[in-house]
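Student: Okay, here's the structure, questions in a sec.
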Amino acid sequence: MGSLFRTEEMRFCQMFVQTEAAYHCISELGELGLVQFKDLNTNVNSFQRTFVNEIRRCEEMERKLRYTEKEILKEGMKIPDNREDPKAPAPKEMNDLEVEFEKMDTELRQVNTNNEALKQNFLELTELREVLNKTQDYFRMYGSDIQHMMEEETGVPHEEAIIGRQQQAALGFFVGTVLREKVPVFERVMKFITHSTVFMRTEEIERTFKDPITGDDLHKSMFIVFYQGDQLRNKVKKVCEGMRGTIYPVPDSPQERNTMLQGVNTRISDLENVLTQSNEHRQRVLRNAQKELRSWTIKVEKIKAIYHTLNMFKVHQNSLHAECWFPAKAIDDIRRALNTGEKVSNSTIPTVIQPMHTNESPPSYYNCNRFVKGFQNIVDAYGMSTYGEVNPAPYTCITFPFLFAVMFGDAGHGLIMFLFGLFLVIKEKSIGSKRIANEIANTFFGGRYIIMMMGAFSIYTGIIYNDFFSKSVNIFGSQWHPVIKQEEWESDDIQLNPVTSHYNVTAYPIGIDPIWQAAMNKILFLNSLKMKMAIILGVIHMLFGICLQIFNHVHFKNYIDIFIRFIPEFLFLGCLFGYLVATVIYKWLMFDGTKSHCAPALLIHYINMFMFKYTNPDTAIEKCDPDLMYYKGQDGVQYAMFFIAIFSVPVLLIVKPVYVICKNKRKGHDFSDHAALISHEIPPANPLAPIPGTYVNHGAVELGQVNMSYEYENADEIRNGRFVREEAKPPAAIEEGEEHKGEHGGHEEHGTGEVIIHQAIHTIEFCLGCISHTASYLRLWALSLAHAQLSEVLWSMVLRLSLKMAGRYVGSPIIFVIFFIWANLTVAILLLMEGLSAFLHTLRLHWVEFNSKFYMGEGYAFTPFNFKHILNMQSLEDIS
C-alpha cells in the first residue's frame, strides 16, 4: 500500500510494558511520534486513574511557571526560543524541578510583595509631599480669609475662631487626596451629607502616580475641608473613607508642616534607593528564570503528556497493558525506541508487542512531504479518507492549481502570485522559526506551495489566453493577414473574412491570436471558447473521478461493484456528456472558416437527441441549415448513446440490491443491513503478512517480536470487506455479535428496504448530480471572463488615463501616482479578492464535483502521541 496513493498500512497491537520502564519507553515513543494509543480506561474517572498524583504535580509546576512567565512579560522581557528540544526528565528529576520551581516562585512572590509594599509606601509619601506643599501654599495665600470665605459660602454666621486654638468652637480641617474622576461626586456627596455647612476646596495634582499593584497611571486631586464641631468632623471623615479618599495628618502650624515636609523628603530619598535595589534584585531573578523558562516549560509539558498517556493503560500486576495503532513500516523504529527506554530505565524484562485483530476501522495516515501537505489538508478538510481508499491529494496537486488558473488566467497576475509563493518557499525556514502569531499570515505561509503552484499555472493559462495585465502580447506575429480595400479604411468598423484574411495552414503558435485584443466581437469569441472549454474540462475531471473507483473496488475486493456501479456510472456520464464533449471537438476539427456558415448548432442537436428529432441533409431544401445532421450515422450513434445512458439507470438502481439480497440468502442467515451500508470500512490489508523485520513466535514475544499464534487456516471470512476471525474474538465481541444477530433476526424486509432506499438515493443523486455538476463547471468560464473584464476596466479607467496626459514634466509625476493607485487596486481586487473567489470555487469543484464520484471520506485521522504540539506552543496560555 502506497504512502501517498493510499493510507499507510496500519497495525493494531497490544503492548505490555514493565512499570519501571513504562515512563522512559513512552517518552521515547513520544519523541518518535508514530504510535497512537487507545484509552482502555474510558469508564474510569479522571481522578481515579493511576498517575493522577503525578499529573497534579505537573499542574502545580505549570501554575508556578505560568506566574513566572506572566511577570517576565509584564516587565516587557521576551522569552527566548532557541529551538531547543530537551528530553523528558526522569521521574526522579521531578523532585529537583519542584524544589527549584518552589524556590523561584517563593523568592519571586516575596520580592513582589516587598516591592508592592515599598511602592505603596512611596506612593503615600509622594502624595503627602504634594499635599504638604499645596497646603502650605493655600494657607500662605488664604490663611487669614478662611473664616470670612467659609461664612460667605455657607451663609451661616459663626463665632470668631482662630485656627489651631483649642476652643469649644475651634475650626478644624482635613487634607487628603482622591481620584480625579471622583471629584465631582465627592463634592456633591459632601455637600449633601453636611448640608453645605463645611468649606471645601479641591485642586488637581499635576504629577502622575503609579498604582503599586497594577502599574496603571493614577491621576489624583488634593482636597481640603474646613469644619466646626465633632459631629461634622465625623461626617467628613466617613465621606472621605466612602469615596476611597486618603486623609493625611497635616499639622496646624506652618513650622510643624515645614519640619514634616523635610522628614518626608528624606524618607522619599531613602525609599528611592531601596526601590532601586529591590527592582534590580527582581530583574536578576526574572533574567535567571527567562533563560530557562522555555526549557522548563517543555520538560514539564512532556512529563504531563507522558503521564496522561500512561493513564490510558491498564495496570496488571507489575506491568502496564496498552493497545495502539502504528504504521506497519515503523516497527523497527518503535523497537529501537522501546529498547532505548528499557536501557535508560535499567529494566531487565523486555517489552512485549503482540498483534491483535479488531473490527474497528484503522486510522488514516499519510506520510506527506511539505509540498503535498497543503493539498492533503484541502482533502482532509472535506473528510478524512476511509482507511485503504484512494487518496485524491496526489491528483489535487495538479488539478487544483490548474482549475484555479483557468478562472484566474492572467500571466501578469500569475507572475506576482508565483513570486510571492516562491519567496515564502525560499524563506520558509527563517519565517517558520519566528512562530508567526497572526492567523492570516500563518494561513498564507501554510499554503505557500499552493500559492506558488497556482501562480505557475496562472502564468501558463495567461499565455494560452494571451492575457498579460489585460493586454495581449504579439510575440510570434498574428496569423491574420487582412487585405483591406481603400474604401473600407473610411469605415468605422472593418470586418475581416477568415477565408481571405487568415491562413488556416498554421494557427498562432501558443494561445489566442493577439489580433482578438482589438476586435469588437472579442467577448463573443472568448465566450464561446471558454464555455466549451469549461464543459470539456469538467466532464474529463468527473470521468477521471469515476475511473478512480476501480482502484477502490479492486483494493476492497468488491469486484462486483465494477460491473454494477462503475460501468453504469461511466456509461451514463460518458454517453450523455462525454458525447457532448466529442461533438464540440468534432466541430472544431471539421468546420473551418470555409464551412463556418454551415456549422451545426450543437445545443439544438443535443436537445434533438432527447426528442428523437433528426433532419436528413439529403432531403433538406436548405443545405446549410444548422439543424441538419452534420455527420453520417449521427441518428444511430445518438440513439445508441441515449439508450445506453437510460438503461444504465435501472442497472445502477436494481442490480446491486438484488445481488446483496441473493448473496445473503445463499449464506443461509438473516439479512443484516450493516452488510451493505458500511462496506467501505476496511481494516488493514492482508493481516497474514508478517511485519517487516519481525519473526513469528508462538510463545512469549520479546521486544520487536510479533506473536502470530492465531490459527488462520480455514478460519478467515471476509465480511463486508472486513477480516473477521472467530477464534480471535474476545468473549465480549462474541456476545455482542449474538445480540445483534438476535436483534436483526426475522427483519429481512426491513434490511431489504434500507438497501433499496440507499441505492435509490445514490442513483438519483448521481444522475441529477451529473447534470448539475456539469453545469457547475461553467463557473470556470464565468470567473475567467469576470477576471479579464475587471483587469481591463482597471487598465482603461485608471492607468490608461495617466498615459494620455501630455507634458513632459507634469505627466511624469501623475503617471507615478496613478501607477501606484493602479498597482494597489490590482493587488487588492484582482489578486486578493478575485484570487480568494477563484480559490473557493476551485475548492467547491474538488469537494463536490470531483470527490463525490469516488471518495467516501468517512475515516478518522491518525493522531499519534508526540511532543510536536509542545514544541510549537508559544506560551503556557496556549495549553488547552
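In case you wondered, yes, glycine gets a Cβ from its N, Cα and C as well.
I grabbed these lines from TrEMBL:
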- 94-135: coiled coil (COILED)
- 402-426: transmembrane segment (TRANSMEM)
- 447-465: transmembrane segment (TRANSMEM)
- 533-551: transmembrane segment (TRANSMEM)
- 563-586: transmembrane segment (TRANSMEM)
- 639-662: transmembrane segment (TRANSMEM)
- 809-833: transmembrane segment (TRANSMEM)
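Could you place the listed features in the three-dimensional structure?
Tutor: When averaged over the coiled coil (94-135), pLDDT in the model lands at 90.
Sequence-remote contacts of a segment are chain residues at least 6 beyond its ends whose Cβ falls under 8 Å from one of its Cβ atoms, and for the transmembrane segment (447-465) they are 370-371, 373-375, 378, 397, 400-402, 404-406, 408-422, 424-425, 428, 510-512, 784, 788, 835, 839.
If you look at the transmembrane segment (563-586), the same-chain residues 6 or more away from its ends with a CB under 8 A from one of its CBs are 532, 535-536, 539-540, 542-543, 546-547, 549-550, 553, 602, 605-606, 631, 637-638, 640-642, 644-645, 648-649, 651-652, 655-656, 659, 766-767, 770, 774, 853.
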Student: Which residues of the same chain, at least 6 past either end of the transmembrane segment (639-662), have a Cβ under 8 Å from a Cβ in it?
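Tutor: For the transmembrane segment (639-662), the list is 560-561, 564-565, 567-569, 571-572, 575-576, 579, 609-610, 612, 671, 675-676, 752, 755-756, 759-760, 762-763, 766-767.
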Student: Under 8 Å between C-beta atoms and at least six residues away from its ends: which parts of the chain pack against the transmembrane segment (402-426)?
Tutor: 444-445, 448-465, 467-470, 533-534, 537, 541, 779-780, 783-784, 787-788, 791, 826-827, 830-831, 834-835, 838-839, 841-842, 845-846
